[in-house]
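Asker: I'd like to ask you about the structure that follows.
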Amino acid sequence: MKNIHAIILAAGKGSRMNSSKPKVLQTLSNNTLLGHILSQVKGLCDKVHVVYGFEGNQVQRKINDSNINWVEQTEQLGTGHAVAQAMPHIEDNSISLILYGDVPLIKKSTLADLIHKAQQSGLSLLSVILDNPTGYGRIIRKDKQIQAIVEQKDATNTQLNINEVNTGIMAVHSQLLKQYLSKINSSNAQGELYLTDIIACAITDGQIVSSIISKNKFEIAGVNDKVQLAELERIFQINQATQFMQQGLSLKDPNRFDCRGVFTFGKDCEIDINALIEGEVVLGDNTIIAPNCIIKNSKIGNCISILSNCVIEDCVIEDGATIGPFARIRPNTHIKTYAKIGNFVEVKKSIIGENTNVSHLSYIGDAIIGKNVNISAGVITCNYDGINKHQTIIGDGAFIGSDSQLVAPIKIGKNATIGAGSTITKAAPDNQLSLSRTKQISLKNWQRPTKK
């Protein structure tokens, strides 16, 4: 498709959102409403024009796309007026695709069909059949041909019984659009310039008005308040989950799975309830995620078990590793093959070598740990001196006893052993036992104090 201009109407304030942000910057699945629409026109349209109004500077800063032509609508005088603001930027020999910034679930395939229809007829609109059409403009037909669109407030009782409604989304040959916009007026209940009035102009002019009917009523659903926003979030998430399952992902309950980003996965992966995927996440084959896990911007390999209640962010986990339960893997961590990060372990900006175990109740920060290392319960890498972070290096085969503190910067040698309860402040040599303890004293005649 060539010479297609998208006009996205995004000037509304969205008062019912009760928010300091304009409506089009409300988020659905970690993307703005406007961002969702922009993703659908990408690759479909040659130029994108966004008509902005309320908090326009905020909208432009958030979207931050130099390829967009931003057009200001200084007065909110209706959809027809909004589209007219963009027309000086659009060539006559093009197709204008008109979209709305608060209708985020529209599909690229639907828009492609609509554009194709308009290329044939000159003007094509998107309609939908609704059980409850309240609030929408009714499509008036005669002998199956569209004759007019009548807004809810201007409709007769007979017209209000019509279930086919206008979505407001249309594709029009730009020369025709300019011609018809010059003919509409504000003689209606709202005193506004309705974009839909161009349909009556086209009919009067003998112009064929073609249409396609959306197969999915949710893709044309608009958002006016936080309740509707939450409803669309659930629709968006269940649609994603359904698509993932069709591609082979096993979800224990698709209603309790959320993906807010880009998710790719291998074969035979299983995800239990209350999982949240954020950012860009990759799973290999045969990876299992237990309930209540959050995974963000991470690459996770094959045959990995992520047990319940783990938080994993910006890290790489190699094949065969086990994580959790109740583990937190913080950014810039690399966990190598068959390593184990157990319950109540926090790892930050560290490399955990292959076959290394950090099984419970430990903090590992700014560390490089070799292979076949055992980190016992309660081990802390003391990486922060109050100003700077320092590194801990632990060689292959080392054994760190329970309740030990490794005060960085420090190096623990290969096959070194750190005795339980030690505070280590100096390098521990290879193949030696290092420990720091006060001598144990037992007081033979000591008695516990009694209550007075």
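Positions of Cβ are set from backbone N, Cα and C atoms, glycine also.
Marked as UDP-N-acetyl-alpha-D-glucosamine binding site by Swiss-Prot on the basis of sequence analysis: 9-12, Lys23, Gln73, 78-79, 100-102, Gly137, Glu151, Asn166, Asn224, Arg330, Lys348, Tyr363, Asn374. As annotated by Swiss-Prot, Mg(2+) binding site applies to Asp102, Asn224. Summarising the annotation, Swiss-Prot assigns region 'Linker' to 227-247 and lists sequence analysis as the type of evidence. The feature region 'N-acetyltransferase' is assigned by Swiss-Prot to 248-452, with sequence analysis given as support. What Swiss-Prot records for His360 is active site, proton acceptor, and it gives sequence analysis as the kind of evidence. Taken from Swiss-Prot, the feature acetyl-CoA binding site applies to Ala377, Asn383, Tyr384, Ser402, Ala420, Arg437.
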Asker: From the Cα of Arg437 (acetyl-CoA binding site) across to the Cα of Asn374 (UDP-N-acetyl-alpha-D-glucosamine binding site), what is the distance in angstrom?
Answerer: 21
Asker: Over all pairs within Ala377, Asn383, Tyr384, Ser402, Ala420, Arg437, the annotated acetyl-CoA binders, what is the largest Cα to Cα distance, rounded to whole Å?
Answerer: 23
Asker: Going along the chain, which residues six or more apart from the residue listed as 'active site, proton acceptor' have their CB under 8 A from its CB?
Answerer: Gly342, Asn343, Phe344, Val345, Ala377
Asker: For the region 'Linker' (227-247), DSSP counts of helix, strand and coil?
Answerer: 20 helix, 0 strand, 1 coil
Asker: Report the nearest neighbour of Glu151 (UDP-N-acetyl-alpha-D-glucosamine binding site) in space among the binding-site residues Asn224, Tyr384, Ala420, Arg437, comparing Cα positions.
Answerer: Asn224
Asker: Which residue among the binding-site residues Asp102, Glu151 has the fewest other Cβ atoms within 10 Å of its Cβ, if you could check?
Answerer: Glu151
Asker: Are there residues of the same chain, six or more positions away from Ala420 (acetyl-CoA binding site), whose CB falls under 8 angstroms from its CB, and which are they?
Answerer: Ser376, Gly401, Ser402, Asp403, Ser404, Leu435
Asker: Cα of Asn224 (Mg(2+) binding site) to Cα of Gly12 (UDP-N-acetyl-alpha-D-glucosamine binding site): how many Å, rounded?
Answerer: 10
Asker: Work out how many Å separate Gly101 (UDP-N-acetyl-alpha-D-glucosamine binding site) and Tyr384 (acetyl-CoA binding site) at their Cα atoms, rounded off.
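Answerer: Approximately 47 Å lies between the Cα of Gly101 (UDP-N-acetyl-alpha-D-glucosamine binding site) and that of Tyr384 (acetyl-CoA binding site).
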Asker: Out of Asp102, Asn383, Tyr384, point to the one nearest Leu9 (UDP-N-acetyl-alpha-D-glucosamine binding site) in space (Cα versus Cα); all of them are binding-site residues in the record.
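Answerer: Comparing Cα positions, the closest of these binding-site residues turns out to be Asp102.
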Asker: Determine, from DSSP, whether His360 (active site, proton acceptor) sits in helix, strand or coil.
Answerer: strand
